[in-house]
Amino acid sequence: METLLKPLTSLLLSSPTPHRSIFQQNPPSLNPTTKKKSRKCHFRNESSKLFCSFLDLAPISKPESFDVNISLVDPNSGRAQFDVIIIGAGPAGLRLAEHVSKYGIKVCCVDPSPLSMWPNNYGVWVDEFENLGLEDCLDHKWPMTCVHINDHKTKYLGRPYGRVSRKKLKLRLLNSCVENRVKFYKAKVWKVEHEEFESSIVCDDGKKIRGSLVVDASGFASDFIEYDKPRNHGYQIAHGVLVEVDNHPFDLDKMVLMDWRDSHLGNEPYLRVNNAKEPTFLYAMPFDRNLVFLEETSLVSRPVLSYMEVKRRMVARLRHLGIKVRSVIEEEKCVIPMGGPLPRIPQNVMAIGGNSGIVHPSTGYMVARSMALAPVLAEAIVKGLGSTRMIRGSQLYHRVWNGLWPLDRRCIGECYSFGMETLLKLDLKGTRRLFDAFFDLDPKYWQGFLSSRLSVKELAILSLCLFGHGSNLTRLDIVTKCPVPLVRLIGNLAIESL
């Protein structure tokens, strides 16, 4: 995974993470074979032709920038001193800057392109953004969602889903930062240096900026956050496109949360066998009859599933659904490290966003949680930096890290990671059975699980209910595949409680 992320580190340092953290790339061309065809090769060649014609379409959208009069730090000025330096102007970084600065704390946000549009699409449950007062930052809402378990069973969920308007959300956060006198500096951060009560960042242009606290909101590939345990992440990988199509089969009032059907691979035996072991699903947002966002997603795998494999499965699925793409408006590659250990707590650099451990280990969701937890972290920062005691150094680091990750939240995180470890052990049939039982639970539990708002006790109840609602084969999966992750969970909970 380190090899996969390394060429994209610079992009991530400028555009932190999301619900779905995006690496945008133009897919390589594939030349269709010209060998004499057997029946099996015929199907492979037809797939290759479609693969080329669809994935070779260049996205027609162009990078956008915001026309906001942000206050910039003069690169030629002398010593620049702030209370808080935030690395990255993604959703998490700007949300934190907004909330810390409203208390009069001096904040500098460092990003190579702070006025650029975020590249990734974000989907959230509508009630999550309503609870945060951010409902006006949604550009489309669906009153229902659906989950296709297989060709014969579909779950309809009465929980509205929305797509985040990147433009509205970023504009709102930028304007709040401007109003609160946040300063911005256009550069990449190369190094973070520490003294006893002060830290400094060194930028790629040689500029040094000092502050009492450095917060890294630069995304998954950051080198500034330290771990004291092996980073045994699972990985979510997806290929997504916003496309104009001739037509599509989706209901306009329903967002497709997961489509686990594999009938589209009937003529693709080499893909079907792999999908049976490491399944992918379709995530679809239909906006009108000719505009739809489509994403083929591997929920979690270890090691990361081949990106080319994901794209081939998507081509086969769209062909089976009869979806003819006229043009690709936006394209995105999503790679999200999930689960694994939390960063070392405490340490000299604080984190928020993808590198802070707040990604949902079983789903990859994060943007709503970032919006919710940034004010929590801001409060811990303000209590330290804004206090009459002038808390700095190790005491400040301890306060802010434990503000984001108190004991109960760390224990809850271990429980969610247990869910991820269970998913890693399931094939397509096991995954279908699990979600069939999961979405039959009381909405309090499945909704709470997906939104990261259940307590340890509630998660235990959910597990018992899931066992009770599951089929005999689901129970067999739980009994045979969960003991090792369960023992690890109990051990980690014991360590956290010490």
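Yeah, the Cβs are placed from backbone N, Cα and C, and that goes for glycine too.
Listed in Swiss-Prot:
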type	residues	note
TRANSIT	1-33	transit peptide
REGION	16-38	region 'Disordered'
COMPBIAS	22-33	compositional bias 'Polar residues'
BINDING	84-112	NAD(+) binding site
- Among the binding-site residues listed here, Ala92, Leu96, Val100, Cys108, which has the most company in the form of other Cβ atoms within 10 Å of its Cβ? Ala92
- Message: Which one is it: of the binding-site residues Gly88, Gly104, Pro112, which Cβ has the fewest other Cβ atoms within 10 Å in this structure?
- Response: Gly104
- Message: Just to confirm: which same-chain residues, 6+ apart in sequence, have a Cβ under 8 Å from the Cβ of Val84 (NAD(+) binding site)?
- Response: Ala97, Val100, Ile105, Lys106, Val107, Cys108, Gly211, Ser212, Leu213, Val214, Val215, Ile381, Leu385
